[in-house]
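Structure first, commentary second.
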Amino acid sequence: MDRRPHRRSSLGLVLGLVAVVMFGATLPMTRLDLHDLSPWFISFGRAALAGFCALAVVLVLRRPWPFGSRQTRRDLLLATLALVFGFPILIGIATQTVPAAHGGIVLGLLPLCTAIAATVLAGERPGLGLFAASAVGAGLVAAFALRNGAAGGFGYGDTLLFLGVVVCAAGYAVSGRLARRMAGWEVIAFMLILALPVTAPAALLTFPWGRTVAGESWAALLYLGLFSQFIGFFFWNAGLALGGIARVGQVQLLQTFVTVGLAWPINGERPDAETLLFAGAVAVVVALAQRLGRRGPAPVARDPIP
């Protein structure tokens, strides 16, 4: 029996977990940055920083530009709009009113939306069991948001977070589709380069000229640019291509733990018993989703890590 598909799928999960750890610090770092920086500069600044790093890597390695194919150009544009502009801007504005730990729970909706996007945009066919587990996780997240939102309902910040989830899931599906045709790190690199003509001038226009900015805010922005926007996607796109967009996407539920855990030392948001209870329930759903996901065929993909 050929065990290579299983090994590829397992490697995809490991790569996805590494990315989730990096992504889990995004909300706490964004909230830390908001002490001194506007959400617009945070969004454009992190993308511009990552874009110049990506351009340097591509030039040093002399990688060919992938814009010859019409389908590749279209997918790169869609993924760029979703992951370089849409998601960072939405969460940047949302975290002005929503604690990082709370936002981390709400972003637990990503796996369900990613599984749906993988079906619609990437042609995957995850089993009903995986969808059922994702729906349970989404229900837990929605219940948490309702209990902890403004006035006992969905607040303005929650609405922006939910919109961000939809945009991000679509971006993940499209970038995962791209990672079947090109190296995972190249996908995010060329997305960031494609966005540079917008992000670089926008970062200059929104730069906090004449204002005093704490060193910790610059450090947080550096993390967002290098890890949340760039290096994390090396692992994430490769993981999606190897393990399947829908299945590896379920690992995002564990991002809740990372975000809640980091929000305490970074933002002083000590998690209460209810937050930990919801996070634990979500972890159980992740384990169930992975068990159900293993029953389906492993995706066949080119090696996304050359």
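Using N, Cα and C of the backbone, Cβ positions are placed for all residues, glycine too.
Feature annotation from TrEMBL assigns domain 'EamA' to 11-136 (among others).
What TrEMBL records for 40-61 (among others) is transmembrane segment.
What TrEMBL records for 76-94 (among others) is transmembrane segment.
Panel annotation: around the transmembrane segment (100-121), residues 24, 27-28, 30-31, 91, 94, 130-131, 134-135, 137-138, 140-142, 144-145, 148, 157-158, 161-162, 164-166, 168-170, 172-174, 176-177, 244-246, 249-253, 255-256, 258-260, 262-264, 266-267, 269, 271, 275, 278-279, 282, 286, 289 of the same chain, lying at least six beyond its termini, place a Cβ under 8 Å from a Cβ of the stretch. Taken from TrEMBL, the feature transmembrane segment applies to 100-121 (among others).
Summarising the annotation, TrEMBL assigns transmembrane segment to 128-147 (among others).
The transmembrane segment annotation in TrEMBL covers 153-175 (among others).
Here TrEMBL flags 157-288 (among others) as domain 'EamA'.
Look at TrEMBL and you will find 187-206 (among others) tagged as transmembrane segment. Residues 38, 40-41, 44-45, 47-48, 50-55, 57-58, 63, 65-67, 76-77, 79-80, 83-85, 175, 178-179, 229-230, 233-234, 237 of the same chain sit 6 or more residues outside the transmembrane segment (187-206) yet have a Cβ under 8 Å from a Cβ within it.
Annotated transmembrane segment per TrEMBL: 218-238 (among others), in sequence order. Cβ atoms under 8 Å from those of the transmembrane segment (218-238) belong to residues 12, 15-16, 18-19, 22-23, 25-26, 29-30, 32-33, 37, 42, 45-50, 53-54, 83-84, 88, 172, 175-176, 178-179, 183-185, 187-189, 192, 304-305 of the same chain, restricted to positions at least 6 beyond its ends.
Applying DSSP to the domain 'EamA' (11-136) sorts its residues as follows: 102 helix, 0 strand, 24 coil. Across the domain 'EamA' (157-288), DSSP helix (H, G, I), strand (E, B) and coil residues number 113 helix, 0 strand, 19 coil.
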